[in-house]
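Annotated in TrEMBL:
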- GLN110, LYS126, GLU147, ALA230, ALA231, LEU232, LEU233, GLU304, ASP319: ATP binding site (BINDING)
- GLU147, ASP319: Mn(2+) binding site (BINDING)
- 194-402: domain 'FAM20 C-terminal' (DOMAIN)
- ASP299: active site (ACT_SITE)
Amino acid sequence: SKLAALFAHPLYNIPVPEVMEKDKLFVVNPMEKFSLSHSGSDEWVSSSKAETLLPTGKTAYDTYPAWLKFHVGINRYELYPRQDPLMPTILQDLATQRIVSSVQKSGGTQLKLIMTFPNYGQALFKPMKQTRDQETPRDFFYFSDFERHNAEIAAFHLDRVLDFRRIPPVSGRLVNITKEIRDITTDKKLAKTFFISPAGNVCFYGECSYYCSTEHALCGKPDQLEGSMAALLPDKTLAKRRSWRSPWRRSYHKSKKAEWELNPNYCAQVRKTPPYDRGHRLLDLIDMTVLDFLMGNMDRHHYETFEKFGNDTFLLHLDNGRGFGRHSHDEMSILAPLQQCCSIKKSTYLRLQLLATQPYLLSDILREALAADPLTPILAEPHLQALDRRLGKVLDVVARCLAG
């Protein structure tokens, strides 16, 4: 396995700093069993009077479901550990756990559902909108593009292969629209949008600001629908997140340009602006830029961090559905932060160089990682080939910076 060899490589075994209590997102009393209470936000609450005695030889932590262990493991330095023994279980749960509730997630331009499992774990379901081999039309603006379920799955694995580990776990899943959405939803607005198409397929469209209408309905075959299931982060009432506007955000206008597109010295002013004026925030943003360029995602207008850790922590790479739209085009403007600032983490640069060598070729590694997903193949072959080509372009930019 090339993937196993990659994760065994010294560059993937650089130790993270020691995690102190203050660096953990949650401080958990090891004696306390967690009981799952059905509250408004489906969060877990600790129960000091544990309802059942723990089985002998088991700690309270052993009784937690995998999603809760994932939440408890989040710290200042990483969303999940490099050699995470939980990961296969989390991905398996996302793909197979029984769905007991499906409701539409509010906000956003496109339809997404929040699905709940019997153990109170929750996942964000993004339904399939286009086939693997459809490319985004060249005349489409990036902000009117579809969100792709397979891009969410591929982004999680790519982020992990790059050793960023800043995207929550995602698995593909085939969902039965009738049994796992229509028959169990308590969402009245969503329930009103189901219908049977002329072809005899079960369809629905939900409510949202763009693609929620009969013309953009999601239809099963006859009621089977592919989608991505992403593990939800801890409820915001338990772990506040801060949203940051990206300094290299696009204008989201059909003809206006953003300041960074007009000012070649734009990075100099970003470097003077908090939080980019100290610490590793700018370098973390450039990591995110590399990820976005490799998958062709132009839609990174914001990113988030956990409030508890202040400015000294990793960025969350959420919402990756607009990646992997066009394999035939490399959007160099995505690399603007790297080109303008001429800065990159040494560890990131060394890993990118490694992924450009034959034993660890990025396309081969990602192909292997994606092969384990229930909906494999996740990416059409030209998208995998594009990764190697784009990686070469990232390394060229860094080489020019080093030479300059």
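Heads up, the Cβ atoms here are built off N, Cα and C, so glycines get one too.
If you draw a 10 Å sphere around the CB of the residue listed as 'active site', it holds 20 other CB atoms from the protein chains shown.
Highest Cβ count within 10 Å among the binding-site residues ALA231, LEU233: ALA231. Using a 10 angstroms CA-CA radius around ASP299 (active site), the binding-site residues that qualify from GLN110, ALA231, LEU233, ASP319 are ASP319. Listed in sequence order, LYS126, LYS129, PHE146, GLU147, CYS208, TYR210, TYR211, CYS212, GLY321 are the same-chain residues at least 6 apart in sequence whose CB falls under 8 Å from the CB of GLN110 (ATP binding site). Here the Cβ of GLU147 (ATP binding site) has 25 other Cβ atoms within 10 Å, regardless of which shown protein chain they belong to. Around the Cβ of ASP319 (ATP binding site), a 10 Å sphere holds 23 further Cβ atoms from the protein chains shown. The binding residues for ATP are recorded as GLN110, LYS126, GLU147, ALA230, ALA231, LEU232, LEU233, GLU304, ASP319; their greatest pairwise CA distance is 20 Å.
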